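These notes are about the structure you will find just below.
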Amino acid sequence: MAALTANKNCSTKKIFLQNFSLLYFNCMELLLLAIAPGFAISLYIYAKDKHNREPAKYLISCFIFGVLSAIPAIVIEMIGTRLSETYLQGILPVALYIIFQAFIVVACTEEYCKYFVLKKYAYPKPAFDEPFDGIVYSVMVSMGFATIENIGYVFDNGFSTGIVRMLVSVPAHAAFAVMMGYYAGLAKFNAVRKSQLLLKGFLLAVLFHGLFDGFLFLSDNDTITAEISGGLLVFGGLASYYFAIRLSLKSIKLHSQLSAQMHKG
């Protein structure tokens, strides 16, 4: 009898360890999937900075501050959602309400939280000494934000969501950051138009972020898709993503050339 009990306990322990190992490796797989795109894009942008690369401590700090900036963003979005549900839902047409959510509650909030870190922490640094640095710092902040956001989405929704976000959502955050950073790089060396250029970069990031989210939010609403093809709305979101990526790649090229000219001079 004692031998049977011992065998049963041993078998139970073995099953527990097997299940724990499986759970552990599944969690690690999801974690790696969630953090990989943000780190890969950060390394890509870092490699593009050919002249007088930024101190690692500033880049790491920007990434960490980007992670932390997600906290006020979540709080503001929760408050904004609650207020808009209370005062706007049912008053505004459904499509307009969704667009308000996409542009104001989500895009404006998230881009401002990232912009705040870029403006207050990275922008004043003496190491910010060439136009391309605006892109570098902006992307580092954004990838910190996108990575912590991605971890939440991937653990909530699984592997397939992680693949989609790796190919679309995280690169989209990077593209918005490049736009913001491009104009921050111009502003750093144009004291007369500093405020206008910084604002332009922020608004451009909000515009493309709002378009991307707006089309996808609309495609997820049954009232809207009863009148407009959901596939067409998804196509609109992907089209805005495509143009954001193209514009960001062009911005990277232009600032790379401008920084090279400054160092030659």
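Positions of Cβ are set from backbone N, Cα and C atoms, glycine also.
Taken verbatim from TrEMBL:
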- 23-46: transmembrane segment (TRANSMEM)
- 58-79: transmembrane segment (TRANSMEM)
- 91-113: transmembrane segment (TRANSMEM)
- 134-155: transmembrane segment (TRANSMEM)
- 167-185: transmembrane segment (TRANSMEM)
- 197-218: transmembrane segment (TRANSMEM)
- 224-244: transmembrane segment (TRANSMEM)
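Across the candidate stretches 23-46, 134-155, 197-218, the maximum count of CB pairs under 8 A to the transmembrane segment (91-113) is reached by 197-218.
By the count of Cβ pairs under 8 Å, the stretch nearest in packing to the transmembrane segment (23-46) among 58-79, 134-155, 167-185, 224-244 is 134-155. Among residues of the same chain six or more beyond the transmembrane segment (134-155), those with a C-beta under 8 A of the stretch's C-beta atoms are 27, 30-31, 33-35, 37-39, 41-42, 45-46, 49, 54, 58-59, 62-70, 73, 110, 113-114, 117-118, 122-123, 125, 128, 161-162, 165, 169-170, 173-174, 176-178, 180-188, 251-252, 255. Outside the transmembrane segment (224-244) by six or more residues, the chain places 94-95, 98, 168, 171-172, 175-176, 179, 208, 211-216, 218 with a CB less than 8 A from a CB of the stretch.
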